[in-house]
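Below is one structure, written out as structure tokens, with a few remarks after it.
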Amino acid sequence: MTDAKQKPKGLSMRPVNVEAKGQLSSFLGKLKIDSKKKLNPTVVCHATLREPKSAAHSSDQSTVKKVSVQSESVLELPPELPPKTKRSQSFSITDFDLNHEEKQMEIRDIEEELARDLFKTPTYARDIYSYLQTVEKRWQIPEDFLDSGEIKPKTRSILMDWFIQVQVYLELLDTTLHLAVMFVDRFLSIQQITASSLQLLGITCILIAAKYYERFPPQVTDLVFLTDNTYKVNQVFTMERIVLRKFEFDLNSTDPVSTMEHFLQIANADRMTKEMAKYVLDLTITCHSFCSVRPTLIAAASVYTARRICVEDKAWTAGLEHFSAYTERDLIGCVKEMLRMLIQAPEAKLQAARKKHGASTFQRISHHIVLESKPAEILKEIVEKKADI
């Protein structure tokens with residue numbers, strides 16, 4: 001597979017000059033755009049951010065160009081996933097075979113392994129994780145945050161699928177991608193926004209997240225270009241000020257990617273398990289059901305799902321339970337949703353995550369033969385309450 005770059009398909013785009021931007025890459029998804037409805041870049045509409053009815057009207061306003069977030073009649077949207085199920089209380093958890101002394105020995109071995117890496121700060125690891133859990137509770141997104149306003153779950157899914165394409169094209173870190181997603185959801189949970197300014201919010205959150213994590217953040221002009229110059233540079237800066245003021249300049253968030261990598265290290269995961277966990281985590285970006293789930297829980301469920309698929313041993317060990325503070329029972333709701341997403345992925349309309357992880361860089365994990373049957377088998381076992389969990 002050729003991993004050459006291509007300009008990602010945005011929510012509003014005209015044909016790309018292939019010679020100017022290089023060969024088209026086979027891993028970028030193609031959004032179906034009505035060719036008869038081309039955007040006139042000279043037309044500007046005045047779209048203002050609206051406060052929710054219960055809040056005072058904001059003094060921050062932004063004039064943006066009209067963006068084409070395609071309607072359902074133009075875009076072929078993926079089938080909706082089942083709503084997030086509440087955690088079942090009827091699952092019986094098999095006790096670990098390890099006795100108390102063996103559990104403590106396993107935990108000490110893990111602590112000694114982490115101590116060899118100075119960057120993991122083992123002395124403060126527990127305090128750091130406890131603090132991150134406090135932070136994620138403070139910024140937890142309500143489940144109904146998209147019930148009112150112009151932005152709907154399907155529209156959000158299209159934007160997030162495009163986010164993955166942008167991340168691959170600009171070679172951004174996974175942490176940058178997921179932080180940008182969290183910023184978008186966090187903003188939409190406290191501020192209604194017009195559909196015409198959704199993509200502007202998107203590239204602004206990518207910019208802020210990149211400044212937070214990247215050594216060399218992308219140029220604003222590059223981000224504007226990826227929207228087919230739908231916006232102007234000064235509009236991005238205006239939106240950036242609005243977002244930062246709404247957040248009160250508090251950008252501290254719990255990162256699911258780093259948390260997942262910490263759990264993978266604790267589990268001493270092999271390469272295949274690591275890549276599978278990353279793929280599962282990226283799939284959750286486009287799923288509205290995961291918006292209100294805590295990042296540490298998503299990270300833990302991703303590791304559990306990957307280990308159930310790739311490893312024959314017990315998926316959730318005493319060490320993982322100890323360091324994550326989650327039992328297997330806590331993970332079941334998320335795990336079932338992740339397994340459904342893996343089953344539906346080959347036929348889904350939004351393919352950015354699957355194509356990203358189908359590249360050789362990620363060991364083509366999204367096309368691994370194990371995904372043809374294993375997720376369905378595991379899901380069936382869990383539903384029938386016969387899984388050894």
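Here the Cβ of each residue, glycine as well, is placed from N, Cα and C on the backbone.
The compositional bias 'Polar residues' annotation in TrEMBL covers 56-73.
Feature annotation from TrEMBL assigns domain 'Cyclin-like' to 161-245 (among others).
Residues or ranges marked as domain 'Cyclin C-terminal' in TrEMBL: 254-371.
Note on the domain 'Cyclin-like' (258-340): mean pLDDT across this stretch is 91. The annotation domain 'Cyclin-like' is assigned in TrEMBL to 258-340 (among others).
If you look up TrEMBL, you'll see 50-88 marked as region 'Disordered'.
Helix, strand and coil counts from DSSP across the domain 'Cyclin C-terminal' (254-371) read 87 helix, 0 strand, 31 coil.
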